[in-house]
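K.L.:
Pulled these from TrEMBL:
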- 88-113: compositional bias 'Basic and acidic residues' (COMPBIAS)
- 114-133: compositional bias 'Basic residues' (COMPBIAS)
- 134-145: compositional bias 'Basic and acidic residues' (COMPBIAS)
- 152-162: compositional bias 'Acidic residues' (COMPBIAS)
- 163-185: compositional bias 'Basic and acidic residues' (COMPBIAS)
- 193-210: compositional bias 'Basic and acidic residues' (COMPBIAS)
- 82-210: region 'Disordered' (REGION)
Amino acid sequence: MSEKGDEKQVTVVRNATDLQRLKLEKLMKNPEKPAFIPDRPKDKKFSDPAEFVRNVMGSSAGAGSGEFHVYRHIRRREYARQDFLQNSKEKDGLDIEYHIKIEENKRAVEEKAAKKRAKRHRQKEKLRAKRQKLKELKKQGKTTENENSSTSEEEMEEEDDNGEKSGEDEGKRKAEDVNTEDQDKIVNNQSGKSEEKKRLQAKEKETGGE
């Protein structure tokens, strides 16, 4: 007996934390054991008020000493019943307000989601319309490219012809310019020679006269 007594250790509970620690240690010794969860306390039930109240007594001077206590107990039960009815009414009102608020929040969330859904739908439709327009433009672009290529070839041929003509015209102009320059040089040379002849003739006359 002494050995068993020595093995046991006495724990002193000094505060609430020690008590909580002891309870947790006790639970963790056998974790497979289900924990006890108490049920929700039931609401009080009061008896319905009597339909006919006989021998009504109060705290007046004519009543006996024992009747006053009976009256006091009846009054206390009635007050408790009225308090319970008032509290239950307030609780029911709060519950109704809570459910109404939940429904309003759900409705607001659904409306917001519907707006976003409609916005996404509109954006998708716009994207589809843009893609269709791009496809149509690509198709039209291919046809216009073929037409433009044919027209561009014709324009290139016309430009080549115009270029050749302009080249020929420029060549003719340059040749004409060269010819005019040569003629001017020839005329200048002839005029210079005639002047020299005149000078020589004038000198010969002077010398002959002497």
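All residue numbers here begin at 1 and follow the chain in the order shown.
Placed from the backbone N, Cα and C atoms, the Cβ positions cover glycine too.
Curation does not apply to TrEMBL; its annotations are automatic.
Please situate the listed features within the shown structure.
P.N.:
Helix first, then strand, then coil: DSSP counts for the compositional bias 'Basic and acidic residues' (134-145) stand at 12 helix, 0 strand, 0 coil.
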K.L.:
Report, as numbers and ranges, which residues of the same chain sit near the compositional bias 'Basic and acidic residues' (88-113): CB under 8 Å and 6 or more residues beyond its ends.
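P.N.:
Sequence-remote neighbours of the compositional bias 'Basic and acidic residues' (88-113) are 43.
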K.L.:
Work out, from DSSP, the number of helix, strand and coil residues along the compositional bias 'Basic and acidic residues' (88-113).
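P.N.:
Across the compositional bias 'Basic and acidic residues' (88-113), the residues distribute as 26 helix, 0 strand, 0 coil.
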